[in-house]
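Copied from Swiss-Prot, the annotated features are:
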type	residues	note
BINDING	Thr14, Gly15, Gly16, Arg171, Ser200, Gln290	UDP-N-acetyl-alpha-D-glucosamine binding site
Amino acid sequence: MSNKKIIFFTGGGTGGHVFPGISIIQKLKEFDNEIEFFWIGKKNSIEEKLIKEQDNIKFISIPCGKLRRYFSFKNFTDFFKVILGIIKSFYVLKKYKPQLIYATGGFVSTPAIIASSLLKIKSITHEMDLDPGLATKINSKFANNIHISFKESEKYFKNYKNIIYTGSPIRREFLNPDPKIIKQLTQNTNKPIISILGGSLGANALNNLALCIKKDAEIYFIHQSGKNLNDLSEKNYLRRQFFNAEEMASIVKFSNLIISRAGAGAIKEFANAGACAILIPFKKGSRGDQIKNAKLLTNQNACIYIDEDEILNINILKIIKKTLKDREKINSLKENIKKFNNKHSSTLIAKLLIKDIKETKSK
């Protein structure tokens, strides 16, 4: 075992599988600046882009194939990509000899977790959503520990002993958002601010919704569209493909109302901010994870839920304006969503990993 302290992270596909890992690394650096960090992911991916924006995290790409629950001819070619990913991960981990590997989700994480098991390197997989995805289900068979973001997720891991409720880490920029930023973005508007957030990859349904309602003169709209639309600034409308972490933190905290998908990472950021949110979970082509996330919050009166198929059949503006006028409802939604926040998540996980490193190096 190397004398160096090394931790590998792996995960990707969306920002929701990357931002929690970045948060953990930020906290680990506060506790121990001697730890070296690596991130295994897919080439030319969202995880490569986000990790290369960070300081002192080395990115290593591997071949990877998507894990599917349904028949597709791509399953045959992707199977071999997974095998190649395991082989490359094996040699990478053997070369650097990390004490730990931490998976934050997504199919790209599975080859590295399997390789770590072959090399007897301690591994941990973190499920961000309420119910585990296929990648986490596979990872959990090889990992030493499982971290979960929702307490309610324990029922999906009844046959596993090493389950730890950690919550989902959020980026440090979200801990103390600056109100001046949203004022600058909205040209110091006095209008209520509605933010339509499509996530790191954008969301066509939310983009179309934004284009339909943005002309309402009584509201200022902030729209994060992803790369499919160009940046645009109008009198009561600001559209960006992406906002940086400081901007997004201010938007989430100080918007009057947020319209968003229901990814676990976004929900945890809304919970931290005590945001009033309308959630429209991704439905078509998904495994239903966002729907379960949104329904969990709805059952505890922590969000307004709208089915994606109903977007064109209902008057969203009417719902928005009715909600804005109902101060009691807004306060209730804000307080209830806070119950899903574990503000010490990054610290808890960082301390667990440091403990694991010490135990590994002492052997």
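In case you wondered, yes, glycine gets a Cβ from its N, Cα and C as well.
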Cβ atoms near Gly16 (UDP-N-acetyl-alpha-D-glucosamine binding site) (within 10 Å, other residues, all chains):
27
When you measure from the Cβ of Thr14 (UDP-N-acetyl-alpha-D-glucosamine binding site), how many other Cβ atoms are you left with inside 10 Å?
20
Count the other Cβ atoms sitting within 10 Å of the Cβ of Gly15 (UDP-N-acetyl-alpha-D-glucosamine binding site), across every protein chain shown.
21
